[in-house]
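Features reported for this protein in Swiss-Prot:
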| type | residues | note |
| --- | --- | --- |
| BINDING | G157, G159, K160, T161 | ATP binding site |
| REGION | 1-78 | region 'Domain I, interacts with DnaA modulators' |
| REGION | 78-112 | region 'Domain II' |
| REGION | 113-331 | region 'Domain III, AAA+ region' |
| REGION | 332-453 | region 'Domain IV, binds dsDNA' |
Amino acid sequence: MTENEQLFWNRVLELSRSQIAPAAYEFFVLEARLLKIEHQTAVITLDNIEMKKLFWEQNLGPVILTAGFEIFNAEITANYVSNDLHLQETSFSNYQQSSNEVNTLPIRKIDSNLKEKYTFANFVQGDENRWAVSASIAVADSPGTTYNPLFIWGGPGLGKTHLLNAIGNQVLRDNPNARVLYITAENFINEFVSHIRLDSMEELKEKFRNLDLLLIDDIQSLAKKTLGGTQEEFFNTFNALHTNDKQIVLTSDRNPNQLNDLEERLVTRFSWGLPVNITPPDFETRVAILTNKIQEYPYDFPQDTIEYLAGEFDSNVRELEGALKNISLVADFKHAKTITVDIAAEAIRARKNDGPIVTVIPIEEIQIQVGKFYGVTVKEIKATKRTQDIVLARQVAMYLAREMTDNSLPKIGKEFGGRDHSTVLHAYNKIKNMVAQDDNLRIEIETIKNKIR
């Protein structure tokens, strides 16, 4: 690599880091390499090229143009190649050959039911979903050869449906003739019942057992003893696909071993491949998700607003998406272009039906009243000393700051001696649990609240 090429690539990395979320930078950019620049074209190597190329084309084209003009005073375009061309070509050739063999059969085309907006490129990755993302990409790259079935489980609103659709969309991009179907378990049940009534079970079997990729969402819906032959039909469908090395991906709200009403033979098969868990996103991932989601809205979201929202919704992505819709309504009503913390807080209050907050309570006032009650100073509450009485006062003050103000977790942490948001969240959860079990502490906190109000 020449000196100017190195300068160009360093500038591409620098601009990328400043313009996309940290999780996206780590996943899509960090492993990329500049191979050469030839005829004003930057040759960039990527792993998982079919998925990552799309992200680069959609998000980083302007970065390459900017770096090109800065370093070479010329318009530089990009050509993306796999960092393991031989492996990619062999894998794709084998998959294409296999798919062509299947598609020589006189099987009717089907609607995949996929939502094209869900891709790997716009899925925000964090520690809580990293294994699920990696496994999903591996399955999409080589359907039927690894992790079959792939079983993704976790609570609602954590991205399971997004990953199912991303897998299906990538497989269809790689091979448009592949027979891919996304369906919820509930709709599978409905189709089964409908075909029973119409005496057309052969049509159902043809539809499901000739797929290349079956994506079943919320498989726990199948775990009902009252459904008669539904589990039997799904068992036979599973066996037919698995025997022919066709990929199956399932999602559930619980571990396969906890699907108590499913037949044991089905549960056993769900564990043949790879069960992976997705847990609620941490604060940093929620910030990254919001940074990604707000691109869909025509407003300016300052960083403190993003952090405030990330602190308010800590269970799942669906809540964050719902909050953004509420904020959009409030912003339109106010003709606002910038979403301040006040606008966000008003929208959240409306969403939660909490009504207006009459008084804005300073965190310092909470610290003063808590300190007076427990006989410690505000300085001690903010410091690092960890005697039992000071720790309790500090955690109660953090709890009340979270309960009685609209401040984000990072803002509260800053007011307590620059503590991390996770420390505030730990204190809040600890006191919340203690209040539920300790009537004396509950009375103490109500007494302090009355002094603050």
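Cβ from N, Cα, C; glycine included.
Just so it is clear, the model here is predicted, and its values are computed rather than measured.
Taking H, G and I as helix, E and B as strand and the rest as coil, DSSP gives the region 'Domain IV, binds dsDNA' (332-453) the counts 87 helix, 1 strand, 34 coil. Counting every protein chain shown, the Cβ of G159 (ATP binding site) has 27 other Cβ atoms within 10 Å.
Taking the mean position of the Cβ atoms of G157, G159, K160, T161 as the ATP site, the remaining same-chain residues with a Cβ inside 8 Å of that point are G154, P156, L158, H162, L163, T251, I278, N316, V317, R318.
With DSSP classes pooled into helix, strand and coil, the tally for the region 'Domain I, interacts with DnaA modulators' (1-78) is 48 helix, 14 strand, 16 coil. Its own atom aside, the Cβ of G157 (ATP binding site) has 18 Cβ atoms within 10 angstroms in the protein chains shown.
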